[in-house]
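Structure, as structure tokens:
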Amino acid sequence: MGQCYYNETIGFFYNNSGKELSSHWRPKDVVVVALGLTVSVLVLLTNLLVIAAIASNRRFHQPIYYLLGNLAAADLFAGVAYLFLMFHTGPRTARLSLEGWFLRQGLLDTSLTASVATLLAIAVERHRSVMAVQLHSRLPRGRVVMLIVGVWVAALGLGLLPAHSWHCLCALDRCSRMAPLLSRSYLAVWALSSLLVFLLMVAVYTRIFFYVRRRVQRMAEHVSCHPRYRETTLSLVKTVVIILGAFVVCWTPGQVVLLLDGLGCESCNVLAVEKYFLLLAEANSLVNAAVYSCRDAEMRRTFRRLLCCACLRQSTRESVHYTSSAQGGASTRIMLPENGHPLMDSTL
């Protein structure tokens, strides 16, 4: 093992990798932070709504929805991690300690790994449900919990490894350009792992598609339901294309630049696009909520109920304030909405 540089500054490693460390806010930095903060806030709000919907509706207390809830939790964590990054980027990067830098990177790696791993778990669970011809899988809750725990153990493992061993503090020639404190091999392994997850998802959803198509074709041979057969097939194709297309659009650019940097491509200008591709990967945490949750009719109804309930409470508070003011300090306040009808708790 060569000399270790545990007492050096962040600037030392950035200079070693050839990555510019800005001393002031450039227009590019401002644009990235503005977009990043916007995406992070949307990710937080959207996934909080998904978690609230799953927790409040007993119909969602099924294994597949537990996995959707875990996906929302992972994406919520990703929003927090990216928000932390936005407050510690640009000129503020130079002021980070080595521990602070590894914390910033570890939060991102852990949350994004958990999100990707949960996508694969959902695909496997859907495959199991379809093959068992069940609307909702009867997978025991204990096994679902073990699956979720496994996802987070793997995510924490990949997220914590760089800070403890998989770094380049003792081998400067192995440092990556995109993440100057990380080993290039770590980036390559992370990119290849994400690519493997995508290929497994393609295989699983392709098998689901052909299985369902064969079953519907058999039904169509015995029952006059050709329009329904066509509708079911097109709906399934649409779902598969949306799921895989969203993953490709959001993750492929980032995976490519990570792999190129991990393989040591000196002629590849990965630093010019890394921030935007990372933002695109973070946007996947917003897309997941739309693809996996908002396409569910019952989930949409629960969203409307939660949002309307919040609006109704706000309207009630305003009505109470107006009524109490009009009565000039009377001790009895009448709680009526603007239409004059009694309020009904929409959660019942």
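Note: Cβ is positioned from N, Cα and C throughout, glycine not excepted.
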Query = Checking Swiss-Prot: are PRO27 and ALA297 on the same side of the membrane?
reply = no
Key: Among ASN7, ASN15, the most crowded of the glycosylation sites [Cβ within 10 Å]   = ASN15
Ask   = Would you call the transmembrane segment (144-164) and the transmembrane segment (31-51) in contact, using three or more Cβ pairs under 8 Å, pairs 6 or more apart in sequence?
value = no
Request  = Can you grab the distance from ASN15 (N-linked glycosylation site) over to CYS308 (S-palmitoyl cysteine)? Cα atoms, rounded to a whole Å.
outcome  = 53
Query = Taking 3+ C-beta pairs under 8 angstroms (sequence gap of 6 or more) as contact, is the transmembrane segment (31-51) in contact with the transmembrane segment (277-294)?
reply = yes
Request  = Could you tell me how many residues in the topological domain 'Cytoplasmic' (52-66) are helical, how many are strand and how many are coil under DSSP?
outcome  = 12 helix, 0 strand, 3 coil
Query = Same chain, outside the transmembrane segment (101-123) by at least 6, Cβ under 8 Å from its Cβ: which residues?
reply = 10, 64, 67-68, 70-71, 74-75, 77-78, 80-82, 84-85, 88, 93, 147-148, 151-152, 154-156, 158-160, 162-163, 167, 179, 181-182, 190, 193-194, 197, 200-201, 204-205, 247, 251, 278, 281-282, 284-285, 288, 292
Query = Helix, strand or coil at CYS308 (S-palmitoyl cysteine), per DSSP?
reply = helix
